[in-house]
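Annotated in TrEMBL:
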BINDING   Gly13, Ser14, Gly15, Lys16, Gly17, Thr18, Arg132, Glu177  ATP binding site
BINDING   Arg39, Glu59, Leu60, Val61, Gln101, Arg138, Arg150  AMP binding site
Amino acid sequence: MKYRTHLLFGPPGSGKGTQGKILGNIPRFFHCACGDVFRSIDTRTQVGRAFLEYSSKGELVPDEITVQLWKARIDAAVDAHTFKPDIDVLVLDGIPRNVGQAKIMDELIDVEKVFHLSCPDRAALYARLKKRALKDNRLDDANEDVIKRRLATYENESKPVLSYYGKDRITCIDATEPPSKVLLHILESVNDGSNGNGQHESAAV
(Lines of atoms letter the chains of each structure in order from A and count residues from 1; the text may use other names and numbers.)
(Lines give C-alpha, C1' and ligand atoms only; values in the text may rest on other atoms or scores of the structure.)
Protein backbone atom coordinates (compact mmCIF):
# COMPACT_ATOMS: atom_id res chain seq x y z
CA MET A 1 0.00 0.00 0.00
CA LYS A 2 1.03 3.59 -0.57
CA TYR A 3 1.36 5.72 2.53
CA ARG A 4 -0.87 8.79 2.78
CA THR A 5 1.67 11.60 2.94
CA HIS A 6 1.99 15.31 3.63
CA LEU A 7 5.27 17.02 2.73
CA LEU A 8 6.81 19.94 4.61
CA PHE A 9 8.79 21.84 2.05
CA GLY A 10 10.91 24.98 2.06
CA PRO A 11 14.43 26.37 2.16
CA PRO A 12 16.85 25.81 5.06
CA GLY A 13 15.70 27.88 8.02
CA SER A 14 12.02 27.91 7.03
CA GLY A 15 10.96 25.87 10.06
CA LYS A 16 10.18 22.49 8.48
CA GLY A 17 11.73 20.57 11.36
CA THR A 18 9.89 22.61 13.98
CA GLN A 19 6.51 22.03 12.35
CA GLY A 20 7.28 18.37 11.73
CA LYS A 21 8.09 17.74 15.39
CA ILE A 22 4.88 19.47 16.48
CA LEU A 23 2.75 17.52 14.01
CA GLY A 24 4.46 14.30 15.07
CA ASN A 25 3.10 14.82 18.59
CA ILE A 26 -0.48 15.10 17.32
CA PRO A 27 -2.42 11.81 17.12
CA ARG A 28 -2.77 10.34 13.61
CA PHE A 29 0.40 12.04 12.33
CA PHE A 30 3.78 10.32 12.06
CA HIS A 31 6.77 12.58 11.40
CA CYS A 32 9.92 11.40 9.67
CA ALA A 33 12.79 13.81 8.99
CA CYS A 34 15.58 12.96 6.58
CA GLY A 35 18.15 14.06 9.16
CA ASP A 36 16.81 11.50 11.62
CA VAL A 37 17.13 8.81 8.95
CA PHE A 38 20.82 9.53 8.43
CA ARG A 39 21.53 9.79 12.16
CA SER A 40 20.02 6.37 12.83
CA ILE A 41 21.73 4.39 10.06
CA ASP A 42 22.74 0.85 10.95
CA THR A 43 26.07 0.47 9.15
CA ARG A 44 25.91 -3.30 9.65
CA THR A 45 23.21 -3.58 6.98
CA GLN A 46 23.94 -3.75 3.26
CA VAL A 47 22.35 -0.37 2.55
CA GLY A 48 24.06 1.13 5.61
CA ARG A 49 27.45 -0.04 4.35
CA ALA A 50 26.67 1.38 0.91
CA PHE A 51 25.84 4.74 2.48
CA LEU A 52 29.08 4.68 4.48
CA GLU A 53 31.09 3.89 1.35
CA TYR A 54 29.94 7.12 -0.30
CA SER A 55 29.75 9.40 2.74
CA SER A 56 33.19 8.46 4.06
CA LYS A 57 34.68 9.68 0.77
CA GLY A 58 32.68 12.89 0.87
CA GLU A 59 30.72 11.78 -2.20
CA LEU A 60 27.02 12.37 -2.84
CA VAL A 61 24.89 9.42 -1.79
CA PRO A 62 22.83 8.13 -4.76
CA ASP A 63 19.09 8.79 -4.58
CA GLU A 64 18.30 5.07 -4.62
CA ILE A 65 20.35 4.49 -1.46
CA THR A 66 18.83 7.52 0.30
CA VAL A 67 15.32 6.24 -0.42
CA GLN A 68 16.25 2.71 0.71
CA LEU A 69 17.51 4.13 4.02
CA TRP A 70 14.29 6.11 4.41
CA LYS A 71 12.18 3.04 3.66
CA ALA A 72 14.10 0.98 6.21
CA ARG A 73 13.32 3.64 8.82
CA ILE A 74 9.62 3.60 7.90
CA ASP A 75 9.47 -0.21 7.85
CA ALA A 76 10.99 -0.28 11.35
CA ALA A 77 8.38 2.22 12.57
CA VAL A 78 5.60 0.06 11.10
CA ASP A 79 7.02 -3.06 12.76
CA ALA A 80 7.24 -1.19 16.09
CA HIS A 81 3.64 0.05 15.65
CA THR A 82 4.75 3.66 16.12
CA PHE A 83 3.58 4.34 12.56
CA LYS A 84 0.21 2.80 11.72
CA PRO A 85 -0.32 3.37 7.99
CA ASP A 86 -3.98 2.37 8.06
CA ILE A 87 -4.85 5.33 10.31
CA ASP A 88 -1.79 7.63 10.37
CA VAL A 89 -0.71 10.29 7.89
CA LEU A 90 3.02 10.32 7.16
CA VAL A 91 4.63 13.77 7.51
CA LEU A 92 7.97 14.10 5.72
CA ASP A 93 10.54 16.87 5.83
CA GLY A 94 13.86 16.87 4.02
CA ILE A 95 12.85 14.06 1.68
CA PRO A 96 12.31 13.89 -1.23
CA ARG A 97 14.98 16.54 -1.66
CA ASN A 98 15.14 16.37 -5.44
CA VAL A 99 13.00 15.24 -8.38
CA GLY A 100 14.94 11.99 -8.71
CA GLN A 101 14.00 10.96 -5.17
CA ALA A 102 10.40 12.07 -5.73
CA LYS A 103 10.11 9.78 -8.76
CA ILE A 104 11.55 6.80 -6.88
CA MET A 105 9.18 7.41 -3.95
CA ASP A 106 6.09 7.61 -6.16
CA GLU A 107 5.48 3.89 -5.76
CA LEU A 108 5.72 4.16 -1.96
CA ILE A 109 3.83 7.33 -1.00
CA ASP A 110 0.62 9.07 -2.01
CA VAL A 111 1.40 12.78 -1.60
CA GLU A 112 -1.88 14.47 -0.71
CA LYS A 113 -0.53 17.86 0.35
CA VAL A 114 2.69 19.83 0.04
CA PHE A 115 3.06 22.60 2.62
CA HIS A 116 5.46 25.12 1.10
CA LEU A 117 6.94 27.20 3.92
CA SER A 118 7.85 30.23 1.85
CA CYS A 119 10.38 32.83 2.99
CA PRO A 120 11.23 35.31 0.20
CA ASP A 121 13.02 37.55 2.74
CA ARG A 122 16.59 36.27 2.38
CA ALA A 123 17.80 38.44 5.26
CA ALA A 124 15.36 36.68 7.57
CA LEU A 125 16.58 33.28 6.36
CA TYR A 126 20.23 34.23 6.90
CA ALA A 127 19.42 35.44 10.42
CA ARG A 128 17.53 32.25 11.26
CA LEU A 129 20.27 29.97 9.97
CA LYS A 130 23.04 31.88 11.78
CA LYS A 131 21.08 31.89 15.03
CA ARG A 132 20.40 28.16 14.82
CA ALA A 133 24.01 27.31 13.95
CA LEU A 134 25.36 29.35 16.86
CA LYS A 135 22.79 27.86 19.24
CA ASP A 136 23.85 24.34 18.21
CA ASN A 137 27.54 25.35 18.38
CA ARG A 138 28.01 24.61 14.67
CA LEU A 139 30.17 27.62 13.90
CA ASP A 140 30.99 26.50 10.35
CA ASP A 141 27.28 26.51 9.48
CA ALA A 142 27.03 30.14 10.60
CA ASN A 143 29.46 31.15 7.84
CA GLU A 144 27.77 33.29 5.19
CA ASP A 145 29.34 31.39 2.29
CA VAL A 146 28.07 28.10 3.73
CA ILE A 147 24.58 29.54 4.03
CA LYS A 148 24.73 30.81 0.44
CA ARG A 149 25.70 27.35 -0.80
CA ARG A 150 22.86 25.71 1.14
CA LEU A 151 20.31 28.11 -0.30
CA ALA A 152 21.74 27.68 -3.80
CA THR A 153 21.45 23.90 -3.45
CA TYR A 154 17.82 24.32 -2.43
CA GLU A 155 17.10 26.55 -5.44
CA ASN A 156 18.81 24.27 -7.94
CA GLU A 157 17.99 20.79 -6.62
CA SER A 158 15.09 20.89 -4.18
CA LYS A 159 12.76 23.64 -5.37
CA PRO A 160 11.96 21.87 -8.68
CA VAL A 161 10.17 19.24 -6.57
CA LEU A 162 7.33 21.76 -6.18
CA SER A 163 6.74 21.78 -9.93
CA TYR A 164 6.91 17.98 -9.99
CA TYR A 165 3.98 17.64 -7.58
CA GLY A 166 1.95 20.43 -9.20
CA LYS A 167 0.11 23.46 -7.89
CA ASP A 168 -3.09 21.63 -6.95
CA ARG A 169 -1.38 19.92 -4.02
CA ILE A 170 0.62 22.91 -2.80
CA THR A 171 -0.33 25.11 0.14
CA CYS A 172 1.92 28.17 0.35
CA ILE A 173 2.43 29.45 3.91
CA ASP A 174 4.42 32.47 5.08
CA ALA A 175 7.26 30.93 7.11
CA THR A 176 8.15 34.27 8.70
CA GLU A 177 4.99 34.13 10.81
CA PRO A 178 5.26 32.79 14.37
CA PRO A 179 5.44 28.97 14.49
CA SER A 180 2.01 28.82 16.15
CA LYS A 181 0.42 30.66 13.22
CA VAL A 182 2.24 28.49 10.67
CA LEU A 183 0.92 25.41 12.49
CA LEU A 184 -2.59 26.86 12.47
CA HIS A 185 -2.45 27.36 8.69
CA ILE A 186 -1.27 23.77 8.22
CA LEU A 187 -4.02 22.32 10.41
CA GLU A 188 -6.68 24.48 8.74
CA SER A 189 -5.60 23.14 5.37
CA VAL A 190 -5.60 19.55 6.63
CA ASN A 191 -9.06 19.90 8.16
CA ASP A 192 -10.90 21.75 5.42
CA GLY A 193 -9.02 20.53 2.38
CA SER A 194 -8.10 24.03 1.24
CA ASN A 195 -4.74 25.71 0.94
CA GLY A 196 -3.31 27.94 3.64
CA ASN A 197 -3.55 31.37 2.05
CA GLY A 198 -6.40 31.07 -0.40
CA GLN A 199 -4.17 30.60 -3.42
CA HIS A 200 -1.87 28.02 -4.90
CA GLU A 201 1.66 29.23 -5.26
CA SER A 202 5.03 27.69 -5.96
CA ALA A 203 7.06 30.61 -7.21
CA ALA A 204 8.20 32.09 -3.90
CA VAL A 205 11.30 30.83 -2.10
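Glycine is treated like the rest: Cβ placed from N, Cα and C.
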Tell me which of the binding-site residues Ser14, Thr18, Gln101 sits in the most Cβ-dense spot, judged by other Cβ atoms within 10 Å.
Ser14
In the structure shown, which of the binding-site residues Glu59, Glu177 has the fewest Cβ neighbours within 10 Å?
Glu59
Taking only C-alpha atoms and a 10 A limit, tell me which of Ser14, Lys16, Arg132 are near Arg138 (AMP binding site). These are the binding-site residues.
Arg132
If you count Cβ atoms within 10 Å of the Cβ of Leu60 (AMP binding site), leaving out that atom itself, what do you get?
9
Assuming the binding residues for AMP are exactly those in the record, Arg39, Glu59, Leu60, Val61, Gln101, Arg138, Arg150, what is the maximum CA-CA distance in angstrom, rounded?
28
Among Lys16, Arg39, Arg150, all listed as binding-site residues, which has the most CB atoms within 10 Å of its CB?
Lys16
Across the binding-site residues (Arg132, Arg138), the Cβ with the fewest other Cβ atoms inside 10 Å is that of Arg138
Within 10 Å of each Cβ, count the other Cβ atoms and name the one among the binding-site residues Gly13, Gly15, Gly17, Val61 with the highest count.
Gly13
Name the one residue among Gly13, Ser14, Lys16, Arg132 whose Cα is closest in three-dimensional space to that of Arg150 (AMP binding site); these are the binding-site residues.
Gly13
Cα nearest Arg132 (ATP binding site) among binding-site residues (Arg39, Glu59, Val61) -> Arg39
